[in-house]
Amino acid sequence: MMISRPPPALGGDQFSILILLVLLTSTAPISAATIRVSPDCGKPQQLNRIVGGEDSMDAQWPWIVSILKNGSHHCAGSLLTNRWVVTAAHCFKSNMDKPSLFSVLLGAWKLGSPGPRSQKVGIAWVLPHPRYSWKEGTHADIALVRLEHSIQFSERILPICLPDSSVRLPPKTDCWIAGWGSIQDGVPLPHPQTLQKLKVPIIDSELCKSLYWRGAGQEAITEGMLCAGYLEGERDACLGDSGGPLMCQVDDHWLLTGIISWGEGCAERNRPGVYTSLLAHRSWVQRIVQGVQLRGYLADSGDTGSS
(Lines of atoms letter the chains of each structure in order from A; the text may use other names.)
(Lines give C-alpha, C1' and ligand atoms only; values in the text may rest on other atoms or scores of the structure.)
Protein backbone atom coordinates (compact mmCIF):
# COMPACT_ATOMS: atom_id res chain seq x y z
CA MET A 1 0.00 0.00 0.00
CA MET A 2 1.13 3.31 0.09
CA ILE A 3 -2.14 4.82 1.28
CA SER A 4 -4.27 7.39 -0.38
CA ARG A 5 -3.86 10.67 1.21
CA PRO A 6 -5.06 14.14 0.38
CA PRO A 7 -2.56 16.99 0.40
CA PRO A 8 -1.65 17.75 4.00
CA ALA A 9 -3.24 21.17 4.03
CA LEU A 10 -6.42 20.08 2.25
CA GLY A 11 -6.33 17.88 2.34
CA GLY A 12 -30.43 -17.63 16.30
CA ASP A 13 -33.36 -22.70 18.07
CA GLN A 14 -30.53 -25.23 18.87
CA PHE A 15 -30.75 -26.76 15.38
CA SER A 16 -30.21 -23.42 13.81
CA ILE A 17 -27.26 -22.75 16.08
CA LEU A 18 -25.77 -26.15 15.24
CA ILE A 19 -26.07 -25.43 11.53
CA LEU A 20 -24.41 -22.06 12.05
CA LEU A 21 -21.52 -23.61 13.95
CA VAL A 22 -21.01 -26.17 11.22
CA LEU A 23 -20.90 -23.41 8.64
CA LEU A 24 -18.41 -21.40 10.61
CA THR A 25 -16.06 -24.26 11.41
CA SER A 26 -16.21 -26.28 8.21
CA THR A 27 -12.99 -26.41 6.24
CA ALA A 28 -14.90 -26.93 2.99
CA PRO A 29 -15.82 -23.93 0.85
CA ILE A 30 -19.08 -22.28 1.85
CA SER A 31 -19.57 -20.10 -1.13
CA ALA A 32 -23.33 -19.71 -0.78
CA ALA A 33 -23.42 -19.63 3.04
CA THR A 34 -24.48 -16.51 4.83
CA ILE A 35 -24.44 -15.71 8.52
CA ARG A 36 -27.97 -14.75 9.45
CA VAL A 37 -27.36 -13.66 13.03
CA SER A 38 -25.32 -10.71 14.17
CA PRO A 39 -21.76 -12.06 14.20
CA ASP A 40 -19.08 -11.27 16.74
CA CYS A 41 -17.08 -8.28 15.62
CA GLY A 42 -13.45 -8.27 14.68
CA LYS A 43 -13.07 -12.04 14.29
CA PRO A 44 -12.33 -13.31 10.76
CA GLN A 45 -13.64 -16.77 9.92
CA GLN A 46 -10.48 -17.44 7.90
CA LEU A 47 -6.87 -16.52 8.77
CA ASN A 48 -4.15 -15.11 6.12
CA ARG A 49 0.06 -3.64 -1.14
CA ILE A 50 0.28 -0.74 0.31
CA VAL A 51 3.91 0.56 -0.23
CA GLY A 52 6.23 -2.19 0.95
CA GLY A 53 3.18 -4.29 1.79
CA GLU A 54 2.21 -7.84 0.85
CA ASP A 55 -0.84 -9.71 -0.40
CA SER A 56 -3.40 -10.42 2.30
CA MET A 57 -5.20 -13.76 2.52
CA ASP A 58 -8.74 -14.18 1.24
CA ALA A 59 -11.24 -13.14 3.97
CA GLN A 60 -8.46 -12.12 6.32
CA TRP A 61 -9.95 -8.67 6.77
CA PRO A 62 -13.70 -9.23 6.09
CA TRP A 63 -14.75 -5.76 7.23
CA ILE A 64 -12.77 -3.86 4.63
CA VAL A 65 -14.85 -2.41 1.82
CA SER A 66 -14.05 -0.60 -1.40
CA ILE A 67 -15.86 2.67 -1.90
CA LEU A 68 -16.43 3.13 -5.61
CA LYS A 69 -16.92 6.42 -7.38
CA ASN A 70 -18.58 6.10 -10.77
CA GLY A 71 -17.77 2.39 -10.60
CA SER A 72 -14.03 2.67 -9.91
CA HIS A 73 -12.17 2.16 -6.64
CA HIS A 74 -11.85 5.48 -4.89
CA CYS A 75 -11.33 4.88 -1.16
CA ALA A 76 -11.60 2.14 1.44
CA GLY A 77 -13.84 1.87 4.49
CA SER A 78 -14.75 -0.45 7.37
CA LEU A 79 -18.04 -2.25 8.01
CA LEU A 80 -19.53 -1.52 11.44
CA THR A 81 -22.99 -3.12 11.11
CA ASN A 82 -25.17 -4.48 8.31
CA ARG A 83 -26.12 -0.91 7.33
CA TRP A 84 -23.16 1.27 8.25
CA VAL A 85 -19.64 1.83 6.99
CA VAL A 86 -17.11 4.29 8.40
CA THR A 87 -14.48 5.98 6.28
CA ALA A 88 -12.59 9.24 5.86
CA ALA A 89 -14.74 12.29 5.19
CA HIS A 90 -12.26 13.65 2.65
CA CYS A 91 -13.15 10.73 0.34
CA PHE A 92 -16.34 12.63 -0.51
CA LYS A 93 -15.06 16.19 -0.31
CA SER A 94 -17.70 18.41 -1.92
CA ASN A 95 -19.83 15.41 -2.99
CA MET A 96 -21.45 14.71 0.39
CA ASP A 97 -24.84 15.49 -1.13
CA LYS A 98 -24.27 13.30 -4.20
CA PRO A 99 -24.42 9.72 -2.83
CA SER A 100 -25.58 8.39 -6.20
CA LEU A 101 -22.02 8.87 -7.47
CA PHE A 102 -20.80 6.25 -5.02
CA SER A 103 -21.36 2.61 -4.11
CA VAL A 104 -19.79 0.13 -1.71
CA LEU A 105 -18.22 -3.20 -2.67
CA LEU A 106 -18.09 -5.72 0.20
CA GLY A 107 -16.48 -9.15 0.41
CA ALA A 108 -13.93 -8.47 -2.31
CA TRP A 109 -10.33 -9.63 -2.07
CA LYS A 110 -9.19 -8.97 -5.60
CA LEU A 111 -10.87 -5.90 -7.05
CA GLY A 112 -10.05 -7.11 -10.55
CA SER A 113 -12.20 -10.22 -9.99
CA PRO A 114 -14.34 -9.69 -6.89
CA GLY A 115 -16.31 -12.90 -7.49
CA PRO A 116 -19.94 -13.94 -6.89
CA ARG A 117 -19.63 -13.83 -3.10
CA SER A 118 -19.03 -10.11 -3.03
CA GLN A 119 -21.90 -7.66 -2.60
CA LYS A 120 -22.28 -4.23 -4.17
CA VAL A 121 -24.62 -1.78 -2.46
CA GLY A 122 -25.60 1.79 -3.16
CA ILE A 123 -25.16 4.58 -0.65
CA ALA A 124 -28.25 6.21 0.85
CA TRP A 125 -26.41 9.13 2.41
CA VAL A 126 -23.12 10.25 3.89
CA LEU A 127 -22.78 11.91 7.29
CA PRO A 128 -19.47 13.68 7.94
CA HIS A 129 -18.39 14.64 11.43
CA PRO A 130 -19.88 18.05 12.29
CA ARG A 131 -16.42 19.55 12.77
CA TYR A 132 -15.12 18.37 9.40
CA SER A 133 -14.52 20.92 6.67
CA TRP A 134 -13.64 19.59 3.22
CA LYS A 135 -11.78 22.80 2.42
CA GLU A 136 -9.36 22.19 5.31
CA GLY A 137 -9.51 18.40 5.03
CA THR A 138 -7.67 16.92 8.01
CA HIS A 139 -9.48 17.78 11.25
CA ALA A 140 -12.25 15.30 12.25
CA ASP A 141 -11.68 13.44 8.97
CA ILE A 142 -14.36 10.80 9.54
CA ALA A 143 -17.72 10.07 7.90
CA LEU A 144 -20.46 7.51 8.35
CA VAL A 145 -21.95 5.91 5.25
CA ARG A 146 -25.52 4.60 5.36
CA LEU A 147 -26.07 1.75 2.90
CA GLU A 148 -29.23 1.64 0.78
CA HIS A 149 -30.20 -1.73 2.28
CA SER A 150 -28.92 -4.22 4.83
CA ILE A 151 -26.17 -6.53 3.64
CA GLN A 152 -25.88 -10.25 4.38
CA PHE A 153 -23.02 -11.30 6.60
CA SER A 154 -20.83 -14.16 5.41
CA GLU A 155 -17.34 -15.45 6.04
CA ARG A 156 -16.16 -12.68 3.72
CA ILE A 157 -18.35 -9.90 5.11
CA LEU A 158 -18.17 -9.26 8.85
CA PRO A 159 -18.08 -6.17 11.09
CA ILE A 160 -15.08 -4.83 12.93
CA CYS A 161 -15.14 -3.72 16.58
CA LEU A 162 -14.62 -0.22 17.89
CA PRO A 163 -12.31 0.25 20.88
CA ASP A 164 -13.94 0.84 24.25
CA SER A 165 -12.65 3.32 26.82
CA SER A 166 -10.19 0.79 28.30
CA VAL A 167 -8.05 0.69 25.18
CA ARG A 168 -4.68 2.43 25.20
CA LEU A 169 -2.19 2.39 22.35
CA PRO A 170 1.33 2.96 23.67
CA PRO A 171 4.09 3.79 21.20
CA LYS A 172 5.52 0.81 19.28
CA THR A 173 2.22 -1.12 19.48
CA ASP A 174 2.05 -3.14 16.26
CA CYS A 175 -1.13 -2.65 14.28
CA TRP A 176 -2.07 -3.28 10.63
CA ILE A 177 -3.36 -1.35 7.68
CA ALA A 178 -4.83 -2.80 4.48
CA GLY A 179 -6.09 -1.46 1.19
CA TRP A 180 -6.04 -1.41 -2.59
CA GLY A 181 -4.15 1.83 -3.00
CA SER A 182 -1.09 2.69 -5.07
CA ILE A 183 2.12 0.79 -4.40
CA GLN A 184 4.21 3.87 -5.11
CA ASP A 185 3.47 7.46 -5.95
CA GLY A 186 1.81 7.31 -9.35
CA VAL A 187 1.96 3.49 -9.55
CA PRO A 188 -1.48 1.87 -9.09
CA LEU A 189 -1.88 -1.60 -7.63
CA PRO A 190 -1.57 -3.96 -10.61
CA HIS A 191 -4.21 -6.45 -11.75
CA PRO A 192 -5.81 -8.44 -10.17
CA GLN A 193 -5.58 -5.77 -7.47
CA THR A 194 -5.19 -8.08 -4.49
CA LEU A 195 -5.84 -6.49 -1.11
CA GLN A 196 -2.54 -5.46 0.45
CA LYS A 197 -1.60 -5.45 4.14
CA LEU A 198 1.17 -3.86 6.16
CA LYS A 199 2.16 -3.96 9.82
CA VAL A 200 2.76 -0.50 11.25
CA PRO A 201 3.86 0.50 14.76
CA ILE A 202 2.13 3.29 16.66
CA ILE A 203 4.31 6.39 16.88
CA ASP A 204 4.53 8.58 19.97
CA SER A 205 2.17 11.52 19.51
CA GLU A 206 4.67 14.14 20.68
CA LEU A 207 7.27 12.84 18.24
CA CYS A 208 4.73 12.94 15.43
CA LYS A 209 3.78 16.50 16.35
CA SER A 210 7.40 17.54 16.10
CA LEU A 211 7.81 15.88 12.71
CA TYR A 212 4.84 17.78 11.31
CA TRP A 213 5.46 21.02 13.23
CA ARG A 214 4.45 24.09 11.25
CA GLY A 215 4.81 26.75 13.89
CA ALA A 216 2.90 28.03 16.90
CA GLY A 217 -0.83 27.94 16.40
CA GLN A 218 -0.42 25.84 13.27
CA GLU A 219 -0.22 22.36 14.77
CA ALA A 220 -0.88 19.76 12.09
CA ILE A 221 -1.31 16.86 14.55
CA THR A 222 -4.27 17.33 16.88
CA GLU A 223 -5.82 15.29 19.70
CA GLY A 224 -8.21 13.60 17.28
CA MET A 225 -5.35 12.08 15.30
CA LEU A 226 -2.74 9.37 15.81
CA CYS A 227 0.35 8.42 13.86
CA ALA A 228 1.75 5.05 12.79
CA GLY A 229 4.41 3.81 10.43
CA TYR A 230 8.16 3.94 9.90
CA LEU A 231 10.34 6.99 10.27
CA GLU A 232 12.68 5.69 7.58
CA GLY A 233 9.80 5.65 5.12
CA GLU A 234 9.59 3.01 2.37
CA ARG A 235 6.43 1.40 3.80
CA ASP A 236 3.17 3.27 4.12
CA ALA A 237 -0.34 3.87 2.87
CA CYS A 238 -0.84 5.72 -0.40
CA LEU A 239 -3.37 7.03 -2.92
CA GLY A 240 -6.52 4.86 -2.88
CA ASP A 241 -5.98 3.63 0.68
CA SER A 242 -7.70 6.62 2.30
CA GLY A 243 -10.60 5.76 4.59
CA GLY A 244 -9.27 2.28 5.25
CA PRO A 245 -8.67 0.83 8.70
CA LEU A 246 -5.82 1.00 11.14
CA MET A 247 -6.48 -2.29 12.99
CA CYS A 248 -5.05 -3.39 16.32
CA GLN A 249 -5.65 -6.82 17.87
CA VAL A 250 -6.73 -6.97 21.51
CA ASP A 251 -6.87 -10.58 22.68
CA ASP A 252 -8.82 -12.29 19.88
CA HIS A 253 -10.66 -9.28 18.47
CA TRP A 254 -9.57 -6.78 15.87
CA LEU A 255 -10.38 -3.19 16.75
CA LEU A 256 -10.70 -0.25 14.40
CA THR A 257 -8.42 2.21 16.10
CA GLY A 258 -7.85 4.61 13.24
CA ILE A 259 -8.89 5.65 9.75
CA ILE A 260 -6.29 6.35 7.09
CA SER A 261 -6.44 10.09 6.69
CA TRP A 262 -3.40 11.98 5.42
CA GLY A 263 0.34 12.38 5.20
CA GLU A 264 2.94 14.10 3.10
CA GLY A 265 3.72 12.00 0.06
CA CYS A 266 3.78 8.20 0.22
CA ALA A 267 6.34 6.46 2.44
CA GLU A 268 8.52 9.55 2.78
CA ARG A 269 11.22 9.71 5.46
CA ASN A 270 10.05 11.30 8.74
CA ARG A 271 6.54 11.60 7.34
CA PRO A 272 4.55 8.77 8.98
CA GLY A 273 0.93 8.09 8.24
CA VAL A 274 -1.66 10.17 10.08
CA TYR A 275 -4.93 8.54 11.10
CA THR A 276 -8.24 9.78 12.47
CA SER A 277 -8.45 8.33 15.98
CA LEU A 278 -11.51 6.19 16.76
CA LEU A 279 -10.70 6.52 20.45
CA ALA A 280 -11.39 10.22 20.04
CA HIS A 281 -14.47 9.86 17.81
CA ARG A 282 -16.08 6.67 19.19
CA SER A 283 -18.81 8.53 21.13
CA TRP A 284 -19.96 10.35 18.00
CA VAL A 285 -20.18 7.06 16.08
CA GLN A 286 -22.10 5.39 18.92
CA ARG A 287 -24.70 8.15 18.98
CA ILE A 288 -25.56 7.50 15.34
CA VAL A 289 -24.89 3.82 14.65
CA GLN A 290 -27.13 1.40 16.52
CA GLY A 291 -25.62 -2.04 17.08
CA VAL A 292 -21.97 -1.12 16.74
CA GLN A 293 -19.89 -3.46 18.92
CA LEU A 294 -17.14 -2.37 21.29
CA ARG A 295 -14.31 -4.44 22.69
CA GLY A 296 -11.30 -3.65 24.76
CA TYR A 297 -8.78 -4.65 27.35
CA LEU A 298 -10.19 -4.85 30.88
CA ALA A 299 -7.30 -3.96 33.14
CA ASP A 300 -8.50 -6.06 36.08
CA SER A 301 -8.78 -9.33 34.14
CA GLY A 302 -7.20 -8.90 30.74
CA ASP A 303 -10.35 -10.17 29.03
CA THR A 304 -12.20 -8.69 26.13
CA GLY A 305 -15.64 -7.33 26.74
CA SER A 306 -18.26 -5.06 25.36
CA SER A 307 -19.28 -1.78 26.87
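From the backbone N, Cα and C atoms, a Cβ is placed for every residue, glycine too.
Copied over from Swiss-Prot, here are the features:
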type	residues	note
SIGNAL	1-32	signal peptide
DOMAIN	50-290	domain 'Peptidase S1'
CARBOHYD	Asn70	N-linked glycosylation site
DISULFID	Cys75-Cys91	disulfide bond
ACT_SITE	His90	active site, charge relay system
ACT_SITE	Asp141	active site, charge relay system
DISULFID	Cys175-Cys248	disulfide bond
DISULFID	Cys208-Cys227	disulfide bond
DISULFID	Cys238-Cys266	disulfide bond
ACT_SITE	Ser242	active site, charge relay system
Need one number: mean pLDDT over the domain 'Peptidase S1' (50-290).
91
Based on Cα distances to Ser242 (active site, charge relay system), point out the closest of the disulfide-bonded residues Cys91, Cys208, Cys227.
Cys91
Looking only at C-alpha atoms, tell me how far His90 (active site, charge relay system) is from Cys248 (disulfide bond), rounded to the nearest Å.
23
Of Cys75, Cys175, Cys208, which of the disulfide-bonded residues has the most Cβ neighbours inside 10 Å?
Cys75
Spatially, which candidate from the disulfide-bonded residues Cys91, Cys175, Cys208, Cys248, Cys266 is nearest to Asp141 (active site, charge relay system), comparing Cα atoms?
Cys91
Residue among the disulfide-bonded residues Cys91, Cys227, Cys238, Cys248, Cys266 whose Cβ has the most other Cβ atoms within 10 Å:
Cys238
Closest of Cys75, Cys91, Cys208, Cys227, Cys238 to Cys175 (disulfide bond), Cα positions, disulfide-bonded residues only:
Cys227
For His90 (active site, charge relay system), just count the other CB atoms lying within 10 A of its CB, please.
27
Show which residues of the chain containing the residue listed as 'N-linked glycosylation site', separated from it by at least 6 in sequence, have their CB under 8 Å from its CB.
Leu101
When DSSP states are folded down to helix, strand and coil, where does Cys208 (disulfide bond) land?
helix
